[in-house]
Amino acid sequence: MGGGNGSAVTEFVLLGFSGFSYLQVPLFCGVLCIYLVTLLGNTLIILLTLLDPALHLPMYFFLRHFSVVEILYTTTIVPRMLIDLLSSCPTIPPASCFTQLYFFALFGITECCLLTAMAYDRYAAICRPLHYTTLMSQGACVSMVGASYLMGIITGTTHSICIFTLPFHGTNTIHHFLCDILPVLRLASVSTFWGEVGNLAVTIAFIVTPFLLIVASYACILATILGVATSQGRQKIFSTCSSHLFVVMMFFGTGTVAYMRPWADASHDTDQILAFFYTVVTPMFNPFVYTLRNKEVTGAMTRLVKRYLWSP
């Protein structure tokens, strides 16, 4: 194995949850179930928003792309995680680690940008309804989605190249279940100060800034809700935003804590628990949040079942 003292690293060891060997089989079963639910739930949303004309709206256009990215995001991590849970000494070649880190950053940043676009859509619908069709035209929606993917590609490419052009000698043990940016960066055999500063800058630009934009959008929405005369009207407006707001809090909450904590105070176990939530658990909740709490989606599901399963 590479990684001896002074020798170039030829493979990395992903420690993951290997310190809890008695939990590896239950974890494997639990993660596999979560992954299957995530795939099925997000695939259902994609089909509903494609097949039902009532969902051919900007909000569901963004939601469809968000579900696509959720599937790709979890597939970047979970299959490898399942294999490692069954291994006594999980290793990963540098090329595979590079690939995982690239797609992890790509899809993670794309999700942040899509959530911001979805918040802007709600702001336009509630706060500027007379200009909604202009603000959220088909061209505008396609541009926002395209920009989200582009930001993800640029960030993933920049991070991956900057990290994997560094020399890796000596230790090859990653205290994580995936090739995340900081755990890999800390293994480099040169100073990583500027790399960590760059990671902080990206976190501020693509996690903190989108989150602040979302907060600003919902502050305007809240002001509009308070200005509505009837409680029924306020409830109707709030119901259109609550699903998105719940997902935002789960995704950005854990992500911000994970990447904004001081490096000296970082705990490997805490890092993994936080990462487990925003990479494995949160994507499973999204289909439930957007279907069970949304009458338009549940109605589309009913129509789809009647059309394709109950039709004579």
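Using the three backbone atoms N, Cα and C, a Cβ is placed for every residue, glycine included.
Remember, TrEMBL labels are computer predictions, not curated facts.
Some features that TrEMBL has for this protein:
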TRANSMEM  25-50  transmembrane segment
DOMAIN    41-290  domain 'G-protein coupled receptors family 1 profile'
TRANSMEM  62-82  transmembrane segment
TRANSMEM  102-120  transmembrane segment
TRANSMEM  141-166  transmembrane segment
TRANSMEM  200-229  transmembrane segment
TRANSMEM  241-260  transmembrane segment
TRANSMEM  272-292  transmembrane segment
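Taking residue pairs at least 6 apart in sequence, the transmembrane segment (141-166) and the transmembrane segment (272-292) share fewer than three C-beta contacts under 8 angstroms. Long-range contacts of the transmembrane segment (141-166) within its own chain (CB-CB distance under 8 A, at least 6 residues past either end) are made by residues 58, 61-62, 65, 94, 98, 101-110, 113-114, 117, 120, 181, 184-185, 188-190, 192, 195, 198-199, 202, 206. Mean pLDDT of the predicted structure over the domain 'G-protein coupled receptors family 1 profile' (41-290): 86.
Proximity of distant same-chain residues to the transmembrane segment (62-82), defined by a Cβ-Cβ separation under 8 Å and at least 6 residues beyond the stretch ends, is recorded for 16, 28, 31-32, 34-35, 38-39, 42-43, 45-46, 49-50, 92, 100, 103-104, 107-108, 110-111, 114-115, 117-118, 121, 141, 144-145, 148, 177-178, 279-280, 283, 286-287, 290.
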